[in-house]
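Trainee: Supplied in structure tokens, the structure appears directly below.
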């Protein structure tokens, strides 16, 4: 090769290298998920169950922005969720965050609509939430959450309705009370214990946040955190002892039968018997919930084999709206994530397959028949049938039958030149393995 040609070759090689792009990572960001078709079908099925149960209870669906003002979530110091925010400044200098939960957005929307609304409100939502937290089984940095909330009902009748909805959802998934239980308590239990030890009310929220970590941290660390929060040692022992209570008799002995917490819990469990869900519930004073806005009833669903974290949780939050500048308004609700329930269904072998299924596969056996094939596919779709039109060229019959098998198709409609001259098509019933010749109108009428 001459010198000039060698230089040209090297320049082309360098130019070629210069235009090469570095391969991107094909994994989604850590803690997040892709939803390829098979996973998307499962997700759609799960969300349909969420919506079905919500509508059985006459709830209306709402939605909110994925991005909210940061101060919607920084309402109380010490909440774990504040340190888990995906927060940033937008291009206008506003501090915003990806929503870590749905309840604050609900409260904002209720305040926005004002008292012109007809109370009580029964709203539900299904939305994606983001938290930068340590990942474990069933816990990611993003998840979808189903919320049901009742605004404007002060009595525990609202909590009973929500608990019934949760049980209804479980039963629709063939989950039983042998698989799952719901621990129920009341924030007023802990409040009464703190009053017993003369601990100031302004310490209540901080204590709730700390003791909510009992199943995550060693007892010594909980004691240390309570000590740092200014709780006396004798009170620490009393608080931790109170959280072990699991019977109403022991609860009455500790805080008195006349306590509001005792009365509310007893009424709630009586209502549960009316709903026929009493076998699912149990009193457990250790349930506190880590969000500062809860004021009364609190509850968590758990798997009885204790292999997973909480399946769902919620409670009463009568003062949340006033935190945002509104008036105290009775409210309660729950959040139910998509990740743990799927793990539970897998664990119990209750998660079925979700294949891609179609009713009809339509194929022209000759390129000259592609236009009428498209027309037949359109007419079939107009009747509500799911139709796969083969638009590729040169496909053999062996491929077509394999394709029908993959799609779980019920019928194969073939347009052949001989039959089409008479305005007819070949119809193969793939379940009965029968073949007939029909006019297009007969085909549509039989759909």
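The backbone N, Cα and C atoms fix where each Cβ goes, glycine too.
TrEMBL feature annotations, pasted as is:
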- 101, 102, 103, 131, 145, 149, 289, 293, 294: L-histidine binding site (BINDING)
- 16-26: compositional bias 'Polar residues' (COMPBIAS)
- 30-355: domain 'Aminoacyl-transfer RNA synthetases class-II family profile' (DOMAIN)
- 1-37: region 'Disordered' (REGION)
Trainee: Any idea which of the binding-site residues 101, 145 has the thinnest Cβ neighbourhood at 10 Å?
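Mentor: Checked 101, 145; of these binding-site residues, fewest Cβ neighbours within 10 Å: 101.
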Trainee: Taking 101, 102, 103, 131, 145, 149, 289, 293, 294 as the record's L-histidine-binding set, what's the max Cα pairwise distance in Å, rounded to a whole number?
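Mentor: Per the listed residues, the maximum Cα distance equals 21 Å.
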Trainee: In sequence order, which residues at least six apart in the same chain have a CB under 8 Å from the CB of residue 294 (L-histidine binding site)?
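Mentor: Counting only residues 6 or more apart in sequence, the Cβ neighbours of residue 294 (L-histidine binding site) under 8 Å are 187, 208, 315, 316, 317.
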Trainee: Report, as a single number, how many Cβ atoms besides its own are within 10 Å of the Cβ of residue 289 (L-histidine binding site).
Mentor: 21
Trainee: Count the Cβ atoms, other than its own, that fall within 10 Å of the Cβ of residue 103 (L-histidine binding site), considering every protein chain shown.
Mentor: 21
